[in-house]
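Since the structure comes first, as structure tokens, the remarks are kept for the end.
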Ligand SMILES: Nc1ncnc2c1ncn2[C@@H]1O[C@H](COP(=O)(O)OP(=O)(O)OP(=O)(O)O)[C@@H](O)[C@H]1O
Ligand SMILES: N[C@@H](CCO)C(=O)O
């Protein structure tokens, strides 16, 4: 089998009120280089993955095994090198990118028995919610549900000129810790507030109604509970629009904060404001602009089989 690479993007989930159901794809990538060999070997590379296990508890390895289990077969052995640009445990879907990349790689090794819907379902069940794995797989903005009947989704093409600015603090916040602070139950008023705003946000994104984003992104399901874990979050949610943001939200479980911006406009003012919030709260981190990724997960065959990881090897982007 020709060596191949799988590249899966980062993602930002929730977008405010779309808790566990809405997310978009961010062009920072987790890349797997897969070469057939006699034993399975997973090799995490680079500073970001230092300390990541290389056994079956590794997210990528586990995901490859899940693909095989879904079709009731043994995983064909391979060497899998893992590299990532996605900062871990920052709210940018590093675990989802690893899971989706691993399931897609396992599926390739198995001869592609799973279609996209099955890949999504395996990933969403493993992650427990589809809002990172769906945009990681399909790119763009995705609305998705997960229940006992399966995983259902609609992919939206991002509105023209919609860009994101992310403030990525230097500290980690695991999703499990950020979920542990959430209430177990909510009032009917909170439920109505959440579902009406999530519905408005999905409709606004699908109709390019950027004027509605700020209002539609209000949330009382998770952000207020997580605010004590993310210094400066409350200020940003309240004030970012005064500095050029079209709307703001905690990215996934945090601590990254996402702002939407109009890509035709200069984001210097927004960057200065976000850096100021970091300084005021004694944080370090980075502020960056991204377009919304639309490619999702991509598999490429390495044409030059003799040197699969050489930078010059030509890669033909193939399919997801
Ligand atoms: N490329 C990778 N290879 C192996 N394990 C990974 C990789 N990327 C992430 N992980 C695992 O995922 C964990 C982080 O997952 P977690 O759900 O806490 O955060 P996140 O996915 O980055 O953020 P969020 O879910 O809020 O967007 C890491 O500590 C690591 O165990
Ligand atoms: N919807 C998830 C995303 C992070 O994995 C959460 O907010 O906990």
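Glycine is treated like the rest: Cβ placed from N, Cα and C.
Annotation source TrEMBL lists ATP binding site at 87, 88, 89, 90, 91, 92, 93, 94, 95, 96, 97. Look at residue 91 (ATP binding site): DSSP puts it in coil. Just so you know, the Cβ of residue 91 (ATP binding site) picks up 31 other Cβ atoms within 10 Å once every protein chain is counted.
Marked as compositional bias 'Low complexity' by TrEMBL: 305-320.
Summarising the annotation, TrEMBL assigns domain 'GHMP kinase N-terminal' to 58-140.
According to DSSP, the domain 'GHMP kinase C-terminal' (202-263) comprises 30 helix, 10 strand, 22 coil. Positions annotated as domain 'GHMP kinase C-terminal' by TrEMBL: 202-263.
What TrEMBL lists as region 'Disordered' is 301-320.
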Next on the checklist: For a quick check of understanding: among the binding-site residues 87, 93, which residue's Cβ has the most other Cβ atoms within 10 Å?
Outcome noted: 93
Next on the checklist: I'd like the number of other C-beta atoms within 10 A of the C-beta of residue 97 (ATP binding site), please.
Outcome noted: 31
Checklist entry - List, in sequence order, the same-chain residues at least six positions removed whose CB sits under 8 Å from that of residue 95 (ATP binding site)? => result 59, 127, 132, 175
Checklist entry - Of the binding-site residues 87, 89, 93, which ones put their CB under 6 Å from ligand 1? => result 89, 93
Item to check | For the ATP site built from 87, 88, 89, 90, 91, 92, 93, 94, 95, 96, 97, further residues of that chain with CB within 8 A of the site's CB center | outcome: 10, 86, 132, 252
